[in-house]
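Below: the structure, in structure tokens.
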Amino acid sequence: SVEKEAPGGGADGDDSLYPIAVLIDELRNEDVQLRLNSIKKLSTIALALGVERTRTELLPFLTDTIYDEDEVLLALAEQLGNFTMLVGGPEYVHCLLPPLESLATVEETVVRDKAVESLRKISQEHSPVDLEVHFEPLVKRLASGDWFTSRTSACGLFSVCYPRVSSTVKAEIRQHFRTLCSDDTPMVRRAAASKLGEFAKVLELDYVKSDIISLFTALASDEQDSVRLLAVEACVSIATLLPQEDLETLVMPTLRQAAEDKSWRVRYMVADKFSELQKAVGPEITKNDLVPAFQNLLKDCEAEVRAAAANKVKEFCENLPEDSRETIIMTHILPCVKELVSDTNQHVKSALASVIMGLSTILGKDNTVEHLLPLFLAQLKDECPEVRLNIISNLDCVNEVIGIRQLSQSLLPAIVELAEDAKWRVRLAIIEYMPLLAGQLGVEFFDEKLNTLCMAWLIDHVYAIREAATCNLMKLVEKFGAEWAQNTIVPKVLGMANDPNYLHRMTTLFCINSLSEACGQEITTKQMLPVVLKMSNDQVANVRFNVAKSLQKIGPVLDSSALQTEVKPVLEKLATDTDMDVKYFAQENSCLLDLGYPEETTQDHIANSFHNIFIDVQEQLVMYRELTEPVCI
Amino acid sequence: MSAISATEKVDGFTRKSMRKAQKQKKSQGSSQFRTQALTELSPLPQLKDAPSTEQQELFSQKLQQCCMLFDFMDSVTDLKSKEIKRATLNELVDYVSTNRGVLVETAYPEISNMICTNIFRTLPPSDNPDFDPEEDEPTLEASWPHIQLVYEFLLRFLENPDFQPSIAKRYIDQKFVLQLLELFDSEDPRERDFLKTVLHRIYGKFLGLRAFIRKQINNIFLRFIYETDHFNGVAELLEILGSIINGFALPLKAEHKQFLMKVLVPMHTAKGLALFHAQLAYCVVQFLEKDPILTEPVIRGLLKFWPKTCSQKEVMYLGEIEEILDVIEPTQFKKIQEPLFKQISRCVANPHFQVAERALYFWNNEYILSLIEENIDKVLPIMFGSLYRISKEHWNPTIVALVYNVLKTLMEMNSTLFDELTASYKSDRQRCVPCPSLILTCIQNLTGVQLWQNWI
């Protein structure tokens with residue numbers, strides 16, 4: 001057996017098997033990490049053992065080691081899913097079932113789920129005969145297991161074997177699934193409910209109508225809301241499968257009941273799946289049933305539900321049948337939306353703000369100006385920054401329909417307020433929309449109103465904001481062109497090089513790094529380079545080594561004469577700096593710019609640093625030894 | 001937004017203490033899906049003033065009146081009706097606790113209806129999804145002024161000397177219990193406290209529901225351990241179970257043993273163990289006192305789930321191990337001593353001094369000492385290496401002092417073996433190059449660089 005052979009090398013004295021013997025030995029090691037490593041190399045072991053010994057020795061051994069750390073079991077469950085070729089191909093794939101069966105019964109959910117995933121995978125590699133002889137009996141055993149874990153696992157296996165077995169076996173499978181749907185532990189019912197849709201898809205339509213519908217109805221009125229809400233998910237698949245004329249009698253009563261469930265979790269699920277449900281039931285039912293249901297969800301007493309529904313407003317309206325879309329929106333949906341704009345809960349308002357702008361394309365110019373614009377403006381003045389941000393981030397939708405001028409009067413105060421928000425994440429978010437806004441509003445408006453903001457961010461006290469501001473400038477230059485940059489922002493950026501605060505001086509360098517390419521050679525050589533070079537005399541070392549870094553960044557934009565006559569001397573000077581880091585970056589960048597300056601390579605530098613620390617350690621060791629000479633007790 | 005002060009603007013972060021302060025006073029409405037319209041209540045005459053022939057009828061009217069639910073999130077509406085209901089509930093509590101003969105059969109369905117309507121509700125979504133029960137203040141139930149009185153009434157009803165389980169079981173059935181159990185997830189500790197007492201009474205009075213209650217608790221726990229990792233009432237349910245286990249008949253049924261091994265032991269892995277560990281350990285020890293044979297599998301289970309990175313939990317595990325050792329039978333001790341002391345020896349050598357200290361405290365326990373002494377030939381070789389090394393290396397002087405005492409105790413138990421181990425330990429040390437592993441580990445931790453091993 002495998003066990004006897006380890007670790008002295010192959011029983012036949014074959015030295016090449018020695019590493020394998022070590023791996024096998026490690027499968028039984030006391031250290032979890034070693035067992036885990038070995039399990040992860042299981043395919044190597046199997047390959048070396050050959051298909052026959054893998055089947056007869058390795059797999060039984062693995063089946064026996066099932067009582068182990070969950071981490072090891074998880075790795076094992078995953079490995080076995082890819083083992084078909086290693087046991088000799090599809091003909092022998094059923095050998096993998098015993099270890100996976102035990103893994104599918106353990107308590108830890110991740111392990112069990114992985115085992116089921118692997119079983120589903122290898123089920124496809126079984127021949128129809130093997131499926132009935134080996135796989136299906138396993139599913140049955142799991143489905144009738146004593147402990148809930150095996151029954152839970154079984155739920156995920158029905159749909160993969162159902163399509164490929166004989167009709168008698170099919171009948172048995174349906175029966176097992178029925179039993180599990182009314183299992184007395186909620187864990188199993190949850191598992192069954194979550195697989196109901198998937199199972200329905202592989203069933204013949206008649207059985208969907210007879211079996212699945214009754215299970216669906218039962219699960220949708222389960223005593224536990226955690227089960228009921230899963231039935232809502234299944235509802236989408238089931239409704240897709242049924243012909244239109246059956247939907248009303250078979251699905252709708254349950255769906256209506258779910259939309260008014262006493263548990264907010266179920267109603268939340270309905271709201272969350274609303275677009276899918278809408279597509280699945282078709283336009284007629286949507287008009288008659290889903291519109292009022294949606295109105296109710298938008299007015300739900302629980303904010304969670306309203307937020308989920310608010311998120312779906314645009315999608316729902318988009319998918320309404322064209323002939324009645326506008327009427328439905330104007331008479332049924334818009335009144336609810338108006339109320340949500342002044343909802344008490346900020347998540348609801350912010351969910352709405354993220355989609356409301358999308359309505360303008362659906363409703364057209366006149367309706368937008370008359371009905372939506374007041375809502376946008378109200379949300380732009382909302383007390384919660386997230387709401388305002390969401391509106392601003394979707395400006396492009398409105399721009400297409402009515403042009404942004406209509407909004408700009410209200411837009412500006414909103415942007416300014418966000419730009420000065422006390423929370424830096426809010427400021428960061430608005431910076432990220434600047435390029436988009438600049439594109440929408442045009443260069444004049446931008447210069448007049450927003451330019452000052454963009455420059456102010458460069459001296460923000462939070463680094464992330466300064467960094468984003470730098471990146472923002474680059475995007476603006478890409479949009480408005482080099483000439484604009486030369487006139488408006490470059491002078492201001494370069495002016496900061498004389499700032500008393502070294503952080504601001506560094507910001508100049510960071511801006512140059514990101515602007516040089518967009519500005520082009522001329523501006524870079526004539527305006528930026530002199531400033532950078534001058535900063536190499538800065539008294540703060542951080543500035544100096546950032547000069548070295550900047551020179552590398554802008555190097556590719558410069559021509560070779562500037563590199564040789566201006567950059568090289570400065571780098572040479574920095575390479576003799578008193579500060580170790582400045583020296584290091586100057587040398588490194590000389591190499592990278594290919595200026596022929598490899599006095600000490602980067603690797604040497606690293607090795608040297610290591611060397612220094614190494615000496616430190618040795619000194620410590622000596623001290624340590626002196627301190628810890630054995631003392632007798 | 002406007003409340004943000006100048007100091008806050010400096011670093012842009014809201015201070016945690018401030019966010020907390022804002023949160024503390026929050027309360028939450030019950031997630032009742034209201035369909036009925038509210039009608040104003042009008043006060044009924046006092047029960048005690050009514051002639052005895054009309055009392056029953058008036059009692060029933062008052063019960064119905066109390067079925068009206070109010071929105072407590074809105075503190076200005078329906079003030080008058082809210083007050084009437086509160087006074088009526090108070091009167092009802094008084095009525096069922098002081099009067100005999102009021103629980104006639106026809107009253108049961110009405111009482112049950114009033115209770116169900118008021119307390120059974122879907123709990124609202126948690127206001128704070130990252131609610132940390134150890135840190136954050138719980139959100140309180142807004143309608144507590146009414147709900148509290150309903151719970152009070154339910155308890156008095158169950159405790160009334162005329163209460164007849166045979167009639168009540170038609171109303172206090174499996175469905176009732178199930179809904180009651182779901183409420184244990186309430187964030188409001190006051191509510192969970194009432195629920196605990198109520199469930200306890202029901203378990204005591206309704207024999208037919210006992211197995212069902214245990215099974216449902218079982219399901220809640222399994223879901224908590226393997227699915228959601230969140231349930232507010234674990235400690236309360238465990239407390240009830242503690243007294244249930246106490247009453248188990250011997251020999252223990254397979255069902256109960258399974259509960260111990262497959263639910264209570266894995267429950268030690270939960271993230272919020274600190275919140276219910278005392279109750280959990282009590283349950284485990286109750287089981288072991290009933291049936292000592294279970295000691296070995298339980299200790300092996302704890303060793304399997306032993307925390308690897310959470311020192312706080314390790315201290316709790318050690319506490320529980322000591323509680324178990326307090327009641328262990330010597331024969332069971334022999335079965336488990338080897339793996340157990342390997343773990344204890346790792347704990348003693350733990351750089352976190354609270355873990356090391358907790359493990360070393362075992363040597364202050366007379367009974368544990370006697371067990372160790374009896375098995376010194378097995379225990380000492382396992383413990384010796386760690387103890388000897390720690391006596392020289394541990395950074396914390398208290399630990400070093402404790403270790404010296406422990407070594408002294410162990411030496412007195414078997415000095416010959418102790419000398420042998422000392423000698424072989426020293427020769428081992430001299431044979432290999434002294435490996436200053438402590439410094440290396442420190443450097444590794446500081447730099448995160450594994451390379452050092454190759455350098456030295």
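Even glycines carry a Cβ here, placed using N, Cα and C.
The annotation domain 'Phosphatase 2A Regulatory Subunit A helical' is assigned in TrEMBL to A:96-277. For A:19-57, A:96-134, A:173-211, A:212-250, A:251-289, A:290-327, A:333-371, A:372-410, A:411-449, A:489-527, A:528-566, the entry in TrEMBL reads repeat 'HEAT'.
Note: the repeat 'HEAT' (A:173-211) comprises 33 helix, 0 strand, 6 coil (DSSP; helix = H, G, I, strand = E, B). Residues of the repeat 'HEAT' (A:251-289) grouped by DSSP class, helix first, strand second and coil last, total 33 helix, 0 strand, 6 coil. Remote same-chain partners of the repeat 'HEAT' (A:489-527), defined as residues 6 or more beyond its termini with a Cβ less than 8 Å from a stretch Cβ, comprise 451, 454-455, 458-459, 466-467, 470-471, 473-474, 476-478, 482, 534-535, 538, 540, 542-543, 546-547, 549-550, 553-554, 556-559, 562.
The average pLDDT computed for the repeat 'HEAT' (A:173-211) is 93. For the repeat 'HEAT' (A:333-371), residue counts in helix, strand and coil come to 33 helix, 0 strand, 6 coil, using DSSP.
The DSSP breakdown of the repeat 'HEAT' (A:528-566) into helical (H, G, I), extended (E, B) and coil residues amounts to 32 helix, 0 strand, 7 coil. Look at the repeat 'HEAT' (A:96-134): DSSP puts its residues at 30 helix, 0 strand, 9 coil.
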